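Feature annotations, courtesy of Swiss-Prot:
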- C12, S13, G14, K15, T16, T17: ATP binding site (BINDING)
- 4-201: domain 'DPCK' (DOMAIN)
Amino acid sequence: MIYIVALTGGICSGKTTVSDRFKKIGINVIDTDVIGRKIIEKNKKISDSIKKKFGKKILNKDNSINRFLLRNCIFNEKKSRLWLENILHPEILKKSKKKIKLIQSTWCLWVVPLLFEKKIQKKANRILLIDTPIRIQIRRMIKRDKININEAKKIISYQVRRKKRISLSDDIILNKNKNIEKLSLYIHYLNNFYIYLSKQNNPKNMKKII
């Protein structure tokens with residue numbers, strides 16, 4: 001059994017920045033976004049279903065799926081977004097389970113952006129939230145994705161509200177600036193804390209693999 005810490009947060013909150021810092025100190029990271037991308041690229045059955053559903057408007061010239069175009073498409077159509085999540089999510093969970101089974105360390109970081117939206121928080125022992133003020137999320141989205149403020153607000157509106165994420169989380173990192181030194185201190189502290197929790201001899205503290 002392994003102690004699973006789920007890392008989550010809203011769009012452009014800095015989840016990748018934090019998970020990369022954990023990687024640098026040797027923590028095993030399972031990122032569901034990365035798993036999802038690979039499924040779309042390599043699972044022919046799923047990729048064919050996506051192409052059939054959305055057509056040429058989400059394809060590159062080589063007939064591969066353009067994730068940016070796909071994302072724009074689903075965020076403008078709620079039913080399409082839910083359809084895509086429903087065909088990807090079971091496969092993502094299955095792949096996550098396989099990867100976690102291979103880990104030999106005492107704890108691992110499971111990065112799940114839609115942890116609360118998909119109501120799977122109980123599959124983790126502890127929840128680490130990367131929290132960012134909405135105004136900063138919007139600013140980062142506009143810069144990263146080249147979208148306007150109304151589009152950014154619409155995307156955020158589809159996610160669980162900030163207050164609810166905070167209330168459901170165990171540990172919180174407030175990420176509103178680029179203070180890497182302070183972030184590194186948090187990462188080292190949390191690593192030691194999670195090692196401590198993982199070594200407690202209470203079976204209830206452990207997950208048998210998601």
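Each residue, glycine too, has its Cβ placed from N, Cα and C.
Comparing the binding-site residues C12, G14, T16, T17 on other C-beta atoms within 10 angstroms of each C-beta gives the minimum for T17.
Surrounding the centroid of the Cβ atoms of C12, S13, G14, K15, T16, T17, where the record places ATP, the chain contributes additional residues within 8 Å, namely G9, V18, I130, T132, N175. Fewest other C-beta atoms within 10 angstroms, among the binding-site residues S13, K15, are seen around K15.
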